[in-house]
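A.B. asks: What follows is a structure written as structure tokens; I'll ask about it next.
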Amino acid sequence: MSKFLKFTLVTGFALSATATAIWAGEYGLGRPALPEEIAAWDVKVMPDGRGLPEGSGDVWTGDEVFGEHCAVCHGDFAEGIGNWPKLAGGADTLDRDDPLKTVGSYWPHLSTVFDYVNRSMPFGNAQSLTPDEVYAIVAYILYSNNLVDDDFELSHENFMDVELPNAGGFIVDDRAVTEYAIWHGEPCMENCKEKVEITMHATVLDVTPDEGGAAEEASAPDPVEVAEAAPEPAAEPEVAPAAEVAAIDPALIAAGEKVFKKCSACHQVGEGATNRVGPVLNGVMGRAAGAVEGFKYSDALQTMATDGLVWTDETLTAFLANPRGFMKGTKMSFAGLKKDEDLAAISAYLSSFSQ
Amino acid sequence: MSGTFKGKPTSRRAFLRGGVAAAAGAVAAGAAKSATPDPLITEVQDWATSLGDGVDATPYGLPIEYESDVVRRNVPWLTADPISSINFTPIHALDGTITPQGCAFERHHSGAIDLKKEDYRLMINGLVDTPLVFTYEDLERFPRENHVYFCECAANTGMEWAGAQLNGAQFTHGMIHNMEYTGVPLRTLLEEAGLDAAGDLKDKWVYVEGADASSNGRSIPMAKALGDCLVAFKANGEALRKEHGYPVRLVVPGWEGNMWVKWLRRIEVTDAAVESREETSKYTDTLEDGTSRKWTWVMDAKSVITSPSPQSPIKHGTGPLVITGLAWSGHGAITRVDVSKDGGKTWETARLAKPGEAKALTRFYLDTTWNGEEMLLQSRAMDETGYIQPTKAQLREVRGLNSVYHNNCIQTWWVRPNGEAENVEVS
């Protein structure tokens, strides 16, 4: 860069910096963050309680809110369903084989529970809870761990009075002393052991997943032939549903597939789909509401189903445009799709899974 | 992730049988001189006659279909849901040190999100002179650097604490990748916001969090934040992949992957650790007496033989054999790797493909001759601090079986006379 160019660049930057920037930054890049912006993003809660919003919630409210938003994964009693985290139990198991680590048995700070529920939960609908709801959920988790009575109410005022059982159970990384000092120096190169015996085989446990592509190769003697005969990857799944419902615009279905990403944290659709936080959506279009076997619907949905609600292009669109407006008390904590084209697309996409 | 495994699936043995059977044929063919001319040479092949693809056949190329088994793989029984899960880099099938982005392991807490550069904002707030907001374009205007670093999940090899569990280097050691990052030093951004307000920096922290629904947050001591951390937007020369945090992720060299926050949206200077979920209930290491270590950030020196290994058996019969693997250390450069063929009785020093680079993968080779004997293959890494990779027994002696994280033990592959290899534990 020539000296002249450098000069003009620096000057230009200095001018714009004086015009807009008041910070001492060397480069004058970025802009000051506004207080509203900081408030919107900085929701962390520190172990000493700094950052807690004003509010409160009791165990019984927590029972309800937990049942509505959390129990589908964590169980009605915070005991955890399947591989989803167990939030209660496990007291005095930390020094045993396979300790059960829960809020009650392991977590050191209650602030972490509030912070995490508030910022990351419910799974698939994060940051949708009010502070009072979060206080209530945290109160319920404490209750599930037998740490408070059923008349307990948690608030920003008494929050720091609660001490979790394992608060003192942590030490700061001490590997430098307990390990690095030992595993050091000149390593042994010869006659390092008298004998070596195999004490355990991974194949005995047999928990390694199948490898798909590699396994296909296995069944055929000639690798080259197999590779040529192997089905084309991808492509296929996209073609299949479109072919089934040739009447619907494939482009609209494709657009709907994108929109469905908003739904996919809670709902599955297509081959092998199962109920998750929300019910499986295969064949939803044209079906009576509340009809998926094994899914626990909200009272609100069950009532409307009894009254004869059927999912059609019209009803589904109305529901998805404004879930809580259409169905007060729905368990589906989703704000709704604002754009008409998104609604049309999702409707087309779901119609493509007619089953 | 816990030490118990209710898991089910399997069935790669068919592959191994098939592969090794084919290998036996190859051995014979290789050993004897060809009696008949090779038709691949004597007959004109299709590809030598007709035309191949034009230049625009694949505007962005993927590996040829014959490599379609070199892919990330998941262990479904490990987690409740693939949206909040991890998969594994196919290290058994790669060579060199740079991991292609397309097969580099992924770890998400609330799924990989779509975040456009235009919609990207990075905030710096807390104990800074002026809280700032940067756009993606702003980041590209700061002086930037290039560095190669490994990123290893603290849970890599975590399933092996209680014993030999998963049969393949991809599954035992594949929560790792190694890329060349382009980005702006975190220090530059912190200084742009000004650190006078923070006062004495010694006891200050930098809390970083992501823009996805998990909003994964970790606390990093100020010294590390001002050290080698990088706010990265390119990897291996191109934009980060969505699954690795596009458009911007944090790079925390040598430290556990969970701290490499993806979709980085906020950096806050604090006077204490936030003690978020991922630094209390997870990523803490429980010892035998029930107390747990916290803030175990550094990934200690570790190595693994990637081939031969269970997914990469010896198929060529006896004779020249290349034993190869990877070594790395979060404390600095790898200085030496030793390989044992007899389960740790005797060791020989392997050849490093290049001198070790700090906090990056190092490739090692042992160019040897195999006479078809059974082998118990192990590798042992040493780094510039003089640290020697421990055995599993040594680790267990200090930590017990419940640590979950930071298992950097010496790995053993049992190679049988037919060339198959299995994950085993030895005395």
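A Cβ is built for glycine as well, from the same backbone N, Cα and C atoms used for every other residue.
A quick note: this is a predicted structure, and the numbers were derived from the prediction, not measured.
Here TrEMBL flags A:1-24 as signal peptide. Summarising the annotation, TrEMBL assigns domain 'Cytochrome c' to A:57-145, A:251-354. Here TrEMBL flags A:212-238 as region 'Disordered'. Look at TrEMBL and you will find A:215-238 tagged as compositional bias 'Low complexity'.
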A.B. asks: Which value does the mean pLDDT take for the domain 'Cytochrome c' (A:57-145) in this predicted structure?
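C.D. replies: Mean model confidence (pLDDT) across the domain 'Cytochrome c' (A:57-145) is 95.
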A.B. asks: Under DSSP, the domain 'Cytochrome c' (A:57-145) has how many residues in helix, strand and coil?
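C.D. replies: Helix, strand, coil within the domain 'Cytochrome c' (A:57-145): 40 helix, 2 strand, 47 coil.
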A.B. asks: How many of the residues that make up the domain 'Cytochrome c' (A:251-354) does DSSP mark as helix, as strand and as coil?
C.D. replies: 45 helix, 2 strand, 57 coil
